[in-house]
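Lifted from Swiss-Prot, the feature list:
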type	residues	note
ACT_SITE	H66	active site
ACT_SITE	D112	active site
BINDING	Y46, G48, G50, D67	Ca(2+) binding site
DISULFID	C45-C137	disulfide bond
DISULFID	C47-C63	disulfide bond
DISULFID	C62-C118	disulfide bond
DISULFID	C69-C111	disulfide bond
DISULFID	C79-C104	disulfide bond
DISULFID	C97-C109	disulfide bond
SIGNAL	1-10	signal peptide
Amino acid sequence: LAVCVSLLGAANIPPQHLNLCQFKEMIRYTIPCEKTWLEYTHYGCYCGYGGSGTPVDALDRCCYVHDNCYGDAEKKHKCNPKTQSYSYKLTKRTIICYDAAGTCARIVCDCDRTAALCFGNSEYIGAHKNIDTARYC
């Protein structure tokens with residue numbers, strides 16, 4: 001309960017060396033308190049490393065869109081999304097990205113922000129965790 005209550009307040013997160021740590025913090029902020037960010041790895045066809053086929057549900061679509069967003073950041077903007085740090089704030093149940101528009105930092109932050117908010121608004125279906133990707137994807 002204390003964790004849930006603390007997430008309702010505002011939190012400033014300083015830039016970190018690895019974007020994936022920042023993305024993890026965004027996910028923690030938006031998902032239900034009874035879940036951990038680790039439950040969102042190996043979920044569906046796209047949540048986790050790689051991805052193929054058709055997303056199995058809305059949550060998996062969040063990961064599909066995030067993968068494509070990272071792909072666009074790499075190809076169109078020559079960014080490295082997995083290591084690009086950025087400035088952001090978690091406040092009032094939303095996420096604000098602060099870096100200048102068009103910069104790699106802002107592009108990657110927007111990818112992560114969109115995915116984290118999508119996770120928070122999507123149903124988690126336990127049967128889609130660790131699915132047989134060869135069969136269902």
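Cβ from N, Cα, C; glycine included.
Counting neighbouring Cβ atoms within 10 Å of each of the disulfide-bonded residues (C45, C63, C118), the lowest count belongs to C118. Across the structure, C45 (disulfide bond) and C118 (disulfide bond) place their CA atoms 16 angstrom apart. Per-site Cβ counts within 10 Å over the recorded positions D67, D112 peak at D112. The sparsest Cβ neighbourhood within 10 Å, among the listed binding-site residues (G48, G50), is found at G50. For C63 (disulfide bond), the nearest of the recorded positions Y46, G48, G50, D112 in terms of C-alpha separation is Y46. Among the listed recorded positions, namely C47, H66, C97, the Cβ with the most fellow Cβ atoms inside 10 Å is that of C47. Of all the recorded positions given, namely G50, H66, C69, those whose Cα is no farther than the 10 Å limit from the Cα of D112 (active site) are H66, C69.
Distance between Cα atoms for D67 (Ca(2+) binding site) and C109 (disulfide bond): 13 Å, as a whole number. The CA atom of C104 (disulfide bond) is located 15 Å away from the CA atom of H66 (active site). Cβ atoms within 8 Å of the centroid of the Cβ atoms of Y46, G48, G50, D67 (the Ca(2+) site) belong to the same-chain residues C45, C47, Y49, G51, C63, Y64, site residues excluded.
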